[in-house]
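Per TrEMBL, these features apply:
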- 15-149: domain 'Resolvase/invertase-type recombinase catalytic' (DOMAIN)
- SER23: active site, O-(5'-phospho-DNA)-serine intermediate (ACT_SITE)
- 140-151: compositional bias 'Basic and acidic residues' (COMPBIAS)
- 140-173: region 'Disordered' (REGION)
- 162-173: compositional bias 'Basic and acidic residues' (COMPBIAS)
Amino acid sequence: MSCAEDGPSATPLPRTLGYARVSTDSQALAPQVESLKAAGADQVFRETASGAKRDRAQLARLLKEVRPGDVVLVTRLDRLARSTRDLLNVLGALADRGAAFRSLGDPWADTTSPHGRLMLTVLAGLAEFERELIRARTGEGRARAKAEGRKMGRRPKLTPHQQREARERREAGESLSAIARSYNVHHATISRLCS
């Protein structure tokens, strides 16, 4: 054994870290934990939180503790992420830390194999394509609405009659604050109207 292997600067061995999540307290984590341990998980991070929640403390802890060479293991993709975008963000965070990922229930989702990396790259490309399509459709919809004379954004705070009245009051010398108070709006609203 060399000194590098047994000294304080020795590189820690890669670990397999499991992540188990259920949405409610009435659901059981035990089956996921058992599957993850049977698949070789050294440690399992357990979470009871809706997949729709952004702040999942145990997932954040796992992402913070993961080291280069580690493999993060889940029973199914939906236990890890609530959307394709969320999945790709988590996988990106793992890749940035030099860790790999594997899903027991989705054999194609495995960054430890070339085939799995290819599949996830295709998934990332499809997600990007979908975002571009949504962006294009949204832009086309806005352009069509404007062409039809529809107003975009929120409703004005003041009716056209109130706007005319506020301008007249301002031209007569009344203060912005007094006019704004009478309509229950911020003075900046009156200032924009009268500029």
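Glycine residues also receive a Cβ, built from the backbone N, Cα and C atoms like all the rest.
For the region 'Disordered' (140-173), residue counts in helix, strand and coil come to 20 helix, 0 strand, 14 coil, using DSSP. Cβ-based neighbour count (10 Å, all protein chains) for SER23 (active site, O-(5'-phospho-DNA)-serine intermediate) stands at 15. If you average pLDDT over the domain 'Resolvase/invertase-type recombinase catalytic' (15-149) in this model, you get 88.
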